[in-house]
Amino acid sequence: MARITPIARYRNIGISAHIDAGKTTTTERILFYTGVNHKIGEVHNGAATMDWMAQEQERGITITSAATTCFWAGMAKQFDSHRINIIDTPGHVDFTIEVERSMRVLDGAVMVYCAVGGVQPQSETVWRQANKYKVPRIAFVNKMDRMGANYLRVVEQLKTRLAANPVPIQLAIGAEEKFTGVVDLVKMKAINWSEADQGVTFTYEDIPADLTELADKWHQHLVESAAEASEELMDKYLGGEELTEEEIKHGLRQRVLNNEIILVTCGSAFKNKGVQAMLDAVIEYLPAPTDVAAINGVLEDGETHAERHSSDEEPFSALAFKIATDPFVGNLTFFRVYSGVVNSGDTVLNSVKDKRERFGRIVQMHANKREEIKEVRAGDIAAAIGLKDVTTGDTLCDTSAPIILERMEFPEPVISVAVEPKTKADQEKMGLALGRLAQEDPSFRVWTDEESGQTIIAGMGELHLEILVDRMRREFNVEANVGKPQVAYRETIRSIVEQEGKFVRQSGGRGQFGHVWLRIEPMEPGGKGYEFLNEIVGGVVPKEYVPAVDKGVQEQLKSGVLAGYPIVDVRVAAFDGSYHEVDSSEMAFKIAGSMAFKEGFMKAKPVLLEPIMKVEVETPEDYMGDVIGDLNRRRGMIDGMEDTTTGKTVRAQVPLSEMFGYATDLRSQTQGRASYSMEFLKYNEAPNNVAQAIIETRRAK
């Protein structure tokens, strides 16, 4: 089957924003204007197409990023039909993992900001992730019809808070309830959308007289930015010649693709204004799969560099970026095709696990409605039903041309709770449910505590775990009691020691003999976390026994020495020892390694590390003193303060253990007028008195 839409007319984009910037509403409007659904779903009625899990509709927040396909030929039908694949990403900080995954498979992004709230904390996180994957982006300043809306203030914040280089391609005509349309700064015309047909038709008009001066100033800024794209445009501009509309657009597109500028548009999705022009900007300025550099990977040996270009002619390669459980068909694996073609029924290789998988059925999702398709090609995003053993980040490729595309890296969870099934019947279902959820979400871990026998689940924040427990109840009918949240502490050391470990059992018959010297030293935090070096020379310990020493050390790392928390950032070198011809065994050396590490660890100035969170509180000025005082009481370090339209933003670093129940306390301190967000920042050494208390509590158990 031939390709229906040429790959140059594909746009794979993400729509990304802070909670309440109106991102889901914006996506709904896109689906409406591109003719997919004929009745607009409002988020505050709980009817939006993209938010399809029951909890999302209740809480009004987006949790899973649904992928959707639509077609757009421009608001004046000025383009050939373009295929836009949209990935809707969640805005809550406990779900940054979802955002990270989507960024990985996108070619471009639309960042939605609220005209009142501006650039909020989560926007910064998403911005950093987009920078990490070098995703070209444009901004849409939404909610221009709301009280306190100020478009140019948001443009300024993009510069100051995100260190971006914003270039507005539109100006707002009026604001708040007087917001009527936008000025197109490229064409230098005003755009007015018809209210009668929900903004489907529009007219170009002259720019209102009170805006002409401002429009000229920003038009100049825009032309200058476009001219910087190439020497020939610059020469033409400096020579005093007018740049044509085509040249301006071409220059801006080049600079967006190079991540040098971010174009800013505005509107009100709720009032059906501006989304149409933003869609045109997606087509004109964001990249097609062919505009993006080839994706990098390695061959089977794990070292040889290889790449795949966006072309149907190259061998098939795709990246699984999300696993979802669907009530009707079981596992859905969302994947992005980077090169080649695959048909339903084909067998492909999961090169990360080295297992073959058969594509049973392939579906394309429109929010949670699905359409079966027979084939997918380079640039497509689709979901496969029935893949057995694929997890997020795995590569699917042609069996005759294996390649491993870059793996995604996922953060370690920082908070854990114990869950207990309420009845015997729940117990069996719970294991299955947790397994499914962990497969879908790599930032969620499940394990059994060996001492207490309890099932422990860990994730990125309180809301993350609440929603997982809630999903367990709704989707799998498992009722569970949830314990108090526990902090994921870590242990490490501060000095270097050398330590001997000797395990000898010789009392007639076959004995045991293992003897090893280890050097234990601290490593830079944030690196590999653990490294083992074999420095044994002259065969004093035969090399087949050295891996056993490493294994002994690694077992000890899992449950630390100080208080049983995992040990991180240590380097261990085996440099000496001895063995016995008959009595030595792997088991003996494993125990010797474990003993040496345990003793050495306690001599190497062991310390307890605690997770530190980056906290931002937005509060009316009257409560500022109380909020700061409270953060100080929680051992917080204030990083800085900023004025916002509604008061002040306080930024601080606070240990996670002090943040439990903060939402309730903050509400009572500020009569519910303040809001906060937090995300994991780093691990820091816990102060002595805190560490002692934790160690004693753990030992008492």
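Quick reminder: no glycine exception, Cβ is built from N, Cα and C everywhere.
Averaged over the domain 'tr-type G' (8-290), the predicted model reaches a pLDDT of 82. Summarising the annotation, Swiss-Prot assigns domain 'tr-type G' to 8-290.
Feature annotation from Swiss-Prot assigns GTP binding site to 17-24, 88-92, 142-145; the stated evidence is sequence analysis. DSSP gives Thr89 (GTP binding site) a coil state; it is part of no helix or strand. Counting every protein chain shown, 26 other Cβ atoms lie within 10 Å of the Cβ of Thr89 (GTP binding site).
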Least buried by Cβ count (within 10 Å) of the binding-site residues Ala17, Met144: Ala17
C-beta crowding around Asp20 (GTP binding site), within 10 angstroms: 17
Cβ packing number for Lys23 (GTP binding site), 10 Å threshold: 28
